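Below is one structure, written out as structure tokens, with a few remarks after it.
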Amino acid sequence: MGMLVPTALAARLLSLFQQQLGSLWSGLAILFCWLRIALGWLDPGKEQPQVRGEPEDTQETQEDGNSTQPTTPVSVNYHFTRQCNYKCGFCFHTAKTSFVLPLEEAKRGLLLLKQAGLEKINFSGGEPFLQDRGEYLGKLVRFCKEELALPSVSIVSNGSLIRERWFKDYGEYLDILAISCDSFDEQVNALIGRGQGKKNHVENLQKLRRWCRDYKVAFKINSVINRFNVDEDMNEHIKALSPVRWKVFQCLLIEGENSGEDALREAERFLISNEEFETFLERHKEVSCLVPESNQKMKDSYLILDEYMRFLNCTGGRKDPSKSILDVGVEEAIKFSGFDEKMFLKRGGKYVWSKADLKLDW
């Protein structure tokens, strides 16, 4: 009986010690867990415990936020007029209106684009030299280079209305002049609708090339490959003209422009297959400045502003306009542009586009 008392006492003391040890261990475990969180000791593959007060979907919210970042309009094509002096059968920006913004309103819109991140502006039409005999265009070009200090200012034109006087007045502010030339055969140009009576489109192209060299403007050629020129060999002509880029497009249908009931053109007869387009590219693979653009690459990879400064969404095979950036701002309007930035980069949309960086041998 005398032995039972010490034994019972020892058991009681052991039980109390175990309880205290358990409490101490629990406290240490909690402390260690917080140290791991604070010092970043958690395994990268394991989920970290949620801190009280932090939303459960923080990571998802951040990912969603990243995906809804506003699109930056790095490169924009501004079709400020739809009027043209040519009648190309496959044209996909036709003369459905005669509207042109007042010059100061156009400048205001360009300033908004600059503030949103614009680096390159490309003026197109229609025929951009048609408005005020090129003076409207020249003033916009000068404004973009001199006041907005854009790295690149370019123009796409059929070239028929350009005079040397324009180069003298505005050439220093222009980085790239792209001339549309679909064929070096005048009969083919006439079939396409790129002809003006006795004027020779090819001879005019050569004259423009000289002026670009004389006034230090980078020279570029755009060609739309279609049913009438798909078998042509342009190698020697392109090499002789030596453009900085030769953009080769596959003829494209846009509902309401060159296809469908409301269209001003019927381009179906100009269409070629993907295989025919690839054959043309293969024939010209030795031309180092060749930049091909199939219909797939063109789709949704351009930011296009129309004459009202509305972004045009072409994802549905037609041109659905946003509200004007002059009314709602760039960030709001660009949400409806349908722009595919990945395809823009994939097609080579970002390149050396400033003549200061091109370092050409004038």
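The backbone N, Cα and C atoms fix where each Cβ goes, glycine too.
According to Swiss-Prot, the protein has these features:
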REGION    47-73  region 'Disordered'
COMPBIAS  64-73  compositional bias 'Polar residues'
DOMAIN    70-290  domain 'Radical SAM core'
BINDING   C84, C88, C91  [4Fe-4S] cluster binding site
MOD_RES   K198  N6-acetyllysine
CROSSLNK  K207  ubiquitin cross-link
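Known features from Swiss-Prot, placed on the structure.
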residue : record                        : DSSP class
C84     : [4Fe-4S] cluster binding site : coil
C91     : [4Fe-4S] cluster binding site : coil
K207    : ubiquitin cross-link          : helix
Exercise for review: Provide the number of Cβ atoms within 10 Å of the Cβ of C84 ([4Fe-4S] cluster binding site), excluding the reference atom itself.
Suggested key: 19
Point to revise | Rounded to the nearest Å - Cα separation of C88 ([4Fe-4S] cluster binding site) and K207 (ubiquitin cross-link) | key: 22
Review point. Where C91 ([4Fe-4S] cluster binding site) and the residue listed as 'ubiquitin cross-link' are concerned, what is their Cα separation in Å, rounded?
Key: 24
Study note, to complete from the structure: Around the Cβ of K207 (ubiquitin cross-link), other Cβ atoms found within 10 Å total 13
Check your understanding: When you measure from the Cβ of C91 ([4Fe-4S] cluster binding site), how many other Cβ atoms are you left with inside 10 Å?
Key -> 24
Practice item. Around the Cβ of C88 ([4Fe-4S] cluster binding site), how many other Cβ atoms lie within 10 Å? Please give the count over every shown protein chain. Key: 22
Review point. Rounded to an integer, what is the Cα-Cα distance in Å between C84 ([4Fe-4S] cluster binding site) and the residue listed as 'ubiquitin cross-link'?
Key: 21
